[in-house]
Amino acid sequence: MWWFQQGLSFLPVALVVWSAASFVFSYITAIVLHHVDPLVPYISDTGTIPPERCLFGIMLNVSTFLGMATMYVRYKQVSALSPEKPKILKLNKLGLTLGWMSCFGLCIIANFQKCILYYIHVLGACLTFGVGAIHMLVQTVLSFLMQPELHSKDIFWARLAVFLWSCSSILSMFVSSVVLYSGLYGTNLVQKLHWDPQESGYTPHLISTISEWSLAFSFLSFFLTYIRDFQKISLRAVVSLQGPTLHESSRSFGAEEQALLIAGSI
């Protein structure tokens, strides 16, 4: 059995590989068609013009569902490992809520392009990266509270390092974006897809784009830390029949006649 076939480890693997592919494929398409500059464009700029916009949207929508599934499995895992610890259970529910909000933001990014509906796109980015960073913090705190009995110290330090990487990328992107869009370098920069290295504003633009790519891959790196945890968990669906048929029946269905069906592991 391959390492990614153990337990549910394929979920975070699929999430990371698919999301990275969505960035790379749309970037390559946009570069080949000369829609953006080759040197570190905004991720959103690589998904603005058809056909890469269609590819970008479809692939990120799939990433949204993979992210929701991964976060739900993580939630169930923590609940099962710490059933009698109220503090951990509360943080676990908060983490799931924040995680799903972040996934919803990713769906907004995928379907509302920056050059068309800028403010909605920014809202999606704030949900994805802002709320997502808080989700990462909650999961890091959970890893701290669950060590060393349930979590190794190495996993905690790895998640803390990735979280700090994410925070530094957010700070760098925020500062450079404020400087870039302050009006010192012209107006209507949101619609600008091609930049000349000699023009004013290129340096803060480059810092902002590099920070965005760094932020995106810090998020993907955080999900890589789930692989070993997910190798030790599987989910099983249990279906309890409430009647002998799928339509209304006059015949009673006694407790002794109830059947219990066990579905295969997910």
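Each Cβ is built from the backbone N, Cα and C atoms, and glycine gets one as well.
A TrEMBL annotation is a machine prediction, not a hand-curated record.
Annotation source TrEMBL lists domain 'CWH43-like N-terminal' at 8-233.
Counting only same-chain residues 6+ beyond the ends of the transmembrane segment (12-35), those with a CB under 8 A from a CB of the stretch are 4, 41, 43, 45-49, 51-52, 55-56, 59-60, 62-63, 66-67, 70, 193, 213, 216-217, 220, 223-224, 226-227, 230. Residues annotated as transmembrane segment in TrEMBL: 12-35 (among others).
The transmembrane segment annotation in TrEMBL covers 55-73 (among others).
Note on the transmembrane segment (94-112): residues 44, 47, 56-57, 59-61, 63-64, 67-68, 71-72, 74-75, 78, 120-121, 123-129, 131-132, 134-135, 138-139, 142 of its chain, located 6 or more positions outside it, place their CB under 8 angstroms from a CB of the stretch. Here TrEMBL flags 94-112 (among others) as transmembrane segment.
Here TrEMBL flags 118-145 (among others) as transmembrane segment.
Positions annotated as transmembrane segment by TrEMBL: 157-185 (among others).
Summarising the annotation, TrEMBL assigns transmembrane segment to 205-227 (among others).
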